[in-house]
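What follows is a set of notes on a single structure, which appears directly below.
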There are 2 protein chains.
Amino acid sequence: MAVYDYAKGLVIEAGNNIRKMMQEEIDIETKSNPNDLVTNVDKATEDFIYNNIMENYPDAQVIGEEGHGKPMSELKPEGVVWVIDPIDGTLNFVHQQENFAISIGIYNDGKPYAGFVYDVMNDKLYHAKAGEGAFVNEHPLKPIAGSELKKSLIGINPNWLTKPQIGVIFKKVVDDARSARAYGSAALEIVNVARGKLAAYMTPRLQPWDFAGGLIILNEVGGVGSDLLGKPLELTQPHSVLVGNQAVHEEILNKHMLSEKETLEALHARYKQ
Amino acid sequence: MAVYDYAKGLVIEAGNNIRKMMQEEIDIETKSNPNDLVTNVDKATEDFIYNNIMENYPDAQVIGEEGHGKPMSELKPEGVVWVIDPIDGTLNFVHQQENFAISIGIYNDGKPYAGFVYDVMNDKLYHAKAGEGAFVNEHPLKPIAGSELKKSLIGINPNWLTKPQIGVIFKKVVDDARSARAYGSAALEIVNVARGKLAAYMTPRLQPWDFAGGLIILNEVGGVGSDLLGKPLELTQPHSVLVGNQAVHEEILNKHMLSEKETLEALHARYKQ
């Protein structure tokens, strides 16, 4: 069986398991701060996915949010790399019991191979094999059209606007846009750009497992992703992220980001630590 | 037939009509500013609802977003008043073709009688008859639990955080909360509080048709709504709005709003014009 079909089945099975586990009490722990949560379901889902991959593809390299696989810095570009977030949008999972996703990006010899973002509670699997278009379940996603920022909805978490440095930069983008939305899962926000529901999404820091799956899907419909200074997103480190349709991505980059190069480079350096 | 059952059927029929109209090209016009949109579908839907009510209940008073019925200032509290937003979340309707709602609140002799918020594209009708509990389609909504702000998701549009006065006040609430979300339809945000998906939602200015339906639903599950200074929401004028579960509503009011009385009263006076 091709890795693509195997991965698709694996993601759906992992989603079924999550729905079952949600019928029991959920254990919640904090990680880096009181608002950075992890649950037994995050861990059990990554265990399930990791162990299943290792049984079927023992040579695969894996990076997972909850600690499975290699440290990102030890990643070798050769061979197949799986980048896994078992539950993207853990706060939504805990507080809403919906609006979270399983995200998986698969790379082969450093090149994108396939992306999966499974909106578990809506039973919508967004998936793409590089070069073959993107789908939601069995329906193709259309190529996304360009838009002007002033006639666009953009995705941005309100929390960033209260921060001293990035808040000042993001404020200008929000004021230039038609309006802003915040759904609370980076993978689903990127997918919302791929679906044409948002023209862009931006955030000062994501880990590779937050964006790897969504980005491959987005690229298949003509959308683009980079860091906030237009540089490529790599799998070996956290990045600031700006995704969008081509026109609005370029407009935000040229009008609002490149002029803030010094501030953004300082933020990038801080966030890499 | 009781007004409640009649209204329920009317909302569902209006939603069916919207889905049909969405198969044709949509005409979009601007209203008060370039980001305040109205479409032929908003207007046709309000026409449909208004005419249908007038045929069946010629004595009813109606307030509608798109200009049907009486000016709010001429409203008499006696008898039955219908407060109608044919499409709440018009930006979502235009840009996303989803995440918008038909909202209707019905009052009898000045007292809440019934609320309806129809999430058209998800085919979810939230409804409540005062004193008899709230439902999504045929399933009862549970009473909502109280929560602490620091462990809560709140709804707030990022755009308000960029504004000089209200932005400073809302920033403190966002910083105290666990995280923030923005869905772009006031009626659906209030319903999200009633569903327990958000602990609170706040905004500096809504018209009665934005909150009338949702508020009746929210009250049925134990949630509360007021203006940002804790005063009751009336049907005769625009209001600032703070809705939430009881505990978080009280916390936001006491900790963040009442100390800003002077600023908020000045904003209220400006927004009433």
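Using N, Cα and C of the backbone, Cβ positions are placed for all residues, glycine too.
Residues annotated as Mg(2+) binding site in TrEMBL: A:GLU65, A:ASP85, A:ILE87, A:ASP88, A:ASP210. According to DSSP, A:ASP85 (Mg(2+) binding site) sits within a strand segment. The number of other Cβ atoms within 10 Å of the Cβ belonging to A:ASP85 (Mg(2+) binding site), over all protein chains shown, comes to 34.
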Same-chain residues at least 6 apart in sequence whose Cβ lies under 8 Å from A:ASP210 (Mg(2+) binding site): A:ASP85, A:ASP88, A:SER103, A:ALA186, A:ALA187, A:VAL241
Neighbours of A:GLU65, A:ASP85, A:ILE87, A:ASP88, A:ASP210 excl. site residues, C-beta within 8 Å of centre, Mg(2+): A:ILE84, A:PRO86, A:GLY89, A:THR90, A:ALA101, A:ILE102, A:SER103, A:ALA186, A:ALA187, A:GLN207, A:TRP209
Binding-site residues compared (A:GLU65, A:ASP88) - highest count of Cβ atoms within 10 Å: A:ASP88
Conformational class of A:GLU65 (Mg(2+) binding site) under the three-state DSSP mapping: coil
Tertiary neighbours of A:ILE87 (Mg(2+) binding site) (same chain, Cβ under 8 Å, six or more apart): A:ILE18, A:THR39, A:VAL41, A:ASP42, A:THR45, A:PHE93, A:PHE100, A:ALA101, A:ILE102
